[in-house]
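Trainee: Can you read through this structure? Questions will come right after.
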Amino acid sequence: MQDLLPKARKEFNKLQKRLRREMGQAIADFNMIQEGDKVMVCLSGGKDSFTLLHILMALQKSAPIQFELVAVNLDQKQPGFPEEVLPAYLQQLGVDFHILEKDTYSIVKEKIPEGKTTCGLCSRLRRGNLYGFAEKIGATKIALGHHKDDMLETLFLNLFFGGSLKSMPPKLLSDDKKNIVIRPLAYSREKDIISFAEQMDFPIIPCNLCGSQENLQRQTIKGMLADWEKQYPARIETMANALQKVAPSQLADTSAFDFAGLEEERAKAQADRIQLVNTLATEA
Ligand code: SF4
């Protein structure tokens, strides 16, 4: 960690407290971690996953329940990946860890034509390997480092380019119903995580060693959200709150709300009203 002057140290303590409080709240609101859980923390070597691991380790010490943490990094065999960095760091941190080696880089290079973005397939392969490994080590939860800004970006990506109204949930059961994924940083802002990671001096490993550009659509959305935040500072929080106030009856998805059954609901309400009036009349 960086040496800080007293004022900066005070600010850092406030930031650390805020990240802990937000994570504690997210864990409680979504019942993310239970007594006896073995939480596999996916560590990419980026700012988000380092922050996730650190704050989870701090919460583990003060939590009223017992749970295990194990950090797992998938070495995807990208050229230039500094293999020694994470093991050395994790050893010094004193956390259980595994480094899983899978050459997904070659698969991605072989399957995706030159110039096309490779992040989609790369992430799917990474997810598949990590989910499989979680089962192997008996992990009951898989923790990922996505934060509030990721969730909003995903919401707009799906809205603008995917034609669906969905984001990244704080807690998720995998499609095969074998793994539960949690996102304990769901209430935290990326700017706080950047600042925490800088001051903690994490040995960051860039994701784009593979040479791929970050998805262009995501960059566009990021830019849009940043502009909005400059213009209307509270907008990000307002939108994030909206993710927790969904009104399916005010949208148009027949699988999320029973529009066809409204007549039946009205008839039932009418019958209930008549019954209430009759009961009151009998009592009077
Ligand atoms: S930048 Fe490279 S390593 Fe990172 S997700 Fe995209 S393809 Fe995978």
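Cβ coordinates are placed from backbone N, Cα and C, and glycine is handled just like the others.
Pasting the feature list from TrEMBL:
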BINDING   C119, C122, C210  [4Fe-4S] cluster binding site
DOMAIN    38-201  domain 'tRNA(Ile)-lysidine/2-thiocytidine synthase N-terminal'
MOTIF     44-49  motif 'PP-loop motif'
Trainee: Excluding the flanking five residues on each side, which residues at least 6 beyond the ends of the motif 'PP-loop motif' (44-49) place their CB within less than 8 Å of a CB in that stretch?
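Mentor: Contacts of the motif 'PP-loop motif' (44-49) (Cβ under 8 Å, skipping residues fewer than 6 from its ends): 73-74, 85-86, 144-147, 150, 185, 190, 193-194, 196-197, 202-207.
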Trainee: Specify the count of other C-beta atoms within 10 Å of the C-beta of C119 ([4Fe-4S] cluster binding site).
Mentor: 18
Trainee: Which residues, in sequence order, are found in the same chain with Cβ within 8 Å of the centroid defined by the Cβ atoms of C119, C122, C210 at the [4Fe-4S] cluster site, excluding those residues themselves?
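Mentor: Once C119, C122, C210 are set aside, the remaining close residues are V108, T117, T118, G120, L121, S123, C207, N208, S212.
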Trainee: Could you give the number of helix, strand and coil residues in the motif 'PP-loop motif' (44-49) as assigned by DSSP?
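Mentor: Each residue of the motif 'PP-loop motif' (44-49) counted once, the result is 3 helix, 0 strand, 3 coil.
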Trainee: So what's the average pLDDT for the domain 'tRNA(Ile)-lysidine/2-thiocytidine synthase N-terminal' (38-201)?
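Mentor: Here the mean pLDDT over the domain 'tRNA(Ile)-lysidine/2-thiocytidine synthase N-terminal' (38-201) amounts to 95.
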